[in-house]
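Visitor: Copied straight from TrEMBL:
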- 540-633: domain 'DYW' (DOMAIN)
- 93-127: repeat 'PPR' (REPEAT)
- 163-197: repeat 'PPR' (REPEAT)
- 225-259: repeat 'PPR' (REPEAT)
- 326-360: repeat 'PPR' (REPEAT)
- 361-395: repeat 'PPR' (REPEAT)
- 462-496: repeat 'PPR' (REPEAT)
Amino acid sequence: MSGCSSLLPVTVAPYPHGNSDRKLAKGAPSRIEILAFLKTCKDITRIHLAHAKIVRNGLQQDKFIAFELLRACSTAKSMEYATKIFSTLEAPNVFHYTAMIDGHVLSGSSEDGIRLYYQMIGSSIIPDGYVTASVLKACGLGLDLREGKEVHGQIMKLGLGCNRIVGINLIEAYGKCGAFQDAWKVFEKMPEQDVVLRTVMMSCYFDHGRVEEACAVFRGIGEKDTICWTALIDGLVGNGEMSKALQAFREMQRDNVNPNEFTLVCVLSACSHLGALELGRWVHSYLRNFKIDPNCFVGGALINMYARCGDIDESKQVFCQLRDRDVTTYNTMISGLALHGNSAEAIKTFQLMKKDGIQPNDLTFVSLLNACSHGGLAELGFEIFYSMKDYGIRPQVEHYGCMIDLLGRIGRPREAYDFMKSMNVHPDNIMLGSLLSNCKLHGDFELAEILAKILIDQSDLDSGTLVLLANLYASQGRWDDAALFRARMKNRGIRKEPGCSSIEVDGNIHEFLLGDIRHPERDRIYLKLGELDELLRSEGYSPVIKVVLHDLEGDEEKERTLTIHSERLAICYGLISTEPKSPLRIVKNLRICYDCHQVIKLITRVTERKIVVRDRNRFHHFENGTCSCGDYW
């Protein structure tokens, strides 16, 4: 085959994998040696080496070698290279097409996979169960119901309807496309309606946010295995049902079903969202007890869990103990340090990343710029922002958003606005909203009005933006304008996300809303709240009622509203439920208000407690009347 060696330039580092590479590079390797080497090819560099030897030895039309070469490309998601190799094959067979379609599915290119399948049909190649299952995955990935039904018709004509692998993928394709009636029809015709098929159905319901139906399928399963339980926990986490996910994990333990690595990562994700540090520590202990050495996947989840649950020191310890670190691991550590305001350590971790020879990606720079934003490091932020080009990374809206937020936070909203106007990307609602919030914080209502007009004019307003605009006008006492935006929310069926704070006590998560009276210990909580309010006032506390964004009658009512904020209720429950002087960890879904921030500083002084609060933006470590953010958040 002429011209194959010039498909792509082959540049290989000398023997990067030792003896096996050196053996391949010397003399004429046998067909068996080439096949053995192809099975070790996990990256494009080794694939180039193997392909060069295949061409030099005239084996490029060997059917089995070509299949293994294409499969290696597919596994490495090097589909451009695979496509060029495939185009040189004189008579590709069903196995070559299967390898190519699998590769497109792995790379997320469903349309290319489906197109290749029809190309194969057009070449009079009869599909088998493997290629049919592969194209069904492509149909499910691309949510292409019409093509899925056509393939189903071919399955029936070819007599593949009883093929188990085909049946599973057909159910999944219909389920992912939301055609659940069709999925159940296939399910009912399957010879074995076992836990695997029901797990597939359950996962498809979760994919469409139909949590109750997914849970109903789960309850109908007889003997549940690890994969089934993991799919349930993963589906609950993916749909934001973190508490239910942890409850399911506890039920899994009671059923004596052992979790696998993926189960534990799902549980760690739920712990991260809820701030369930004690359960997260139990998972870490489980890994140690069973001598499971955390890889990048599990290690990254542990780093994230500890960071988001408030124990950044443990997060750093896990990071240091990992044998292997990839770009995701580093990004997670940098992001965690940024979340805690440890900007200098985040930068040092980035330097270590470069020293380890790991190439940063766009997410690395988002985390770094967030670290600069939380630390108020404007000059360093701009230095990092402009250094992105050295790594071939073009700034995206997320990077520009970090810079806008950085300038806005340090009280330079006008500079942020000028910077925004110079961008080569269009500002989105998040960026405009961030700057608008900072204008409100620093009292630049003139610029806030300009930004509000841009937001109103440029797009269909989402719920977050409507809330932001309503709060802007409420903060200025413009109640009619605030009511206008709240009415727009009501007309569109949008509800403001209520403030919710949670605290973990004895391994259980306790959640509180504004003025919550659902907790069984409510009487003791409100008694402690009253005692605390009196104590704080004796220490000079005066409520900052201007942060109350509702048109309430009289200052007394506004002060009452501040007193019953969710984070204060969570703190009071912690004070009555834990040992004196032990630290409290609170998770809040919204940004902590200025008044609560001042109050918590005072609480740490009068109770001699350390209180760690994670709000929507960052961590606040309160101790001895001060906060780690330096009153800048």
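Just so it is clear, glycine is given a Cβ too, placed from its N, Cα and C backbone atoms.
Automatic prediction, not curation, is the source of TrEMBL annotations.
Tell me about the surroundings of these features in the structure.
Guide: Mean model confidence for the domain 'DYW' (540-633) is a pLDDT of 86.
With a cut-off of 8 Å between Cβ atoms, the residues of this chain six or more beyond the repeat 'PPR' (93-127) that come close are 63, 66-67, 70-71, 73-75, 77, 79, 82-83, 86, 134-135, 137-139, 141-142, 144, 147, 151, 154, 158, 160.
In the repeat 'PPR' (163-197), helix, strand and coil residues by DSSP number 26 helix, 0 strand, 9 coil.
Sequence-distant contacts of the repeat 'PPR' (225-259) (same chain, at least 6 residues past either end, Cβ-Cβ under 8 Å): 195-196, 198-199, 202-203, 205-206, 209, 211, 214-215, 218, 266-267, 269-271, 273-274, 276, 279, 286, 509, 511.
With a threshold of 8 Å between CB atoms, the same-chain residues lying at least 6 positions outside the repeat 'PPR' (326-360) that come near it are 296, 299-300, 303-304, 306-308, 312, 315-316, 319, 367-368, 370-375, 377, 380, 391, 393, 614, 618-619, 621, 628-629.
Under 8 Å from some Cβ of the repeat 'PPR' (361-395) lie the Cβ atoms of residues 327, 330-331, 334-335, 337-339, 341-344, 346-347, 350, 353, 402-403, 405-407, 409-410, 412, 425, 617-618, 629, 632-633, all in the same chain and six or more residues away from its ends.
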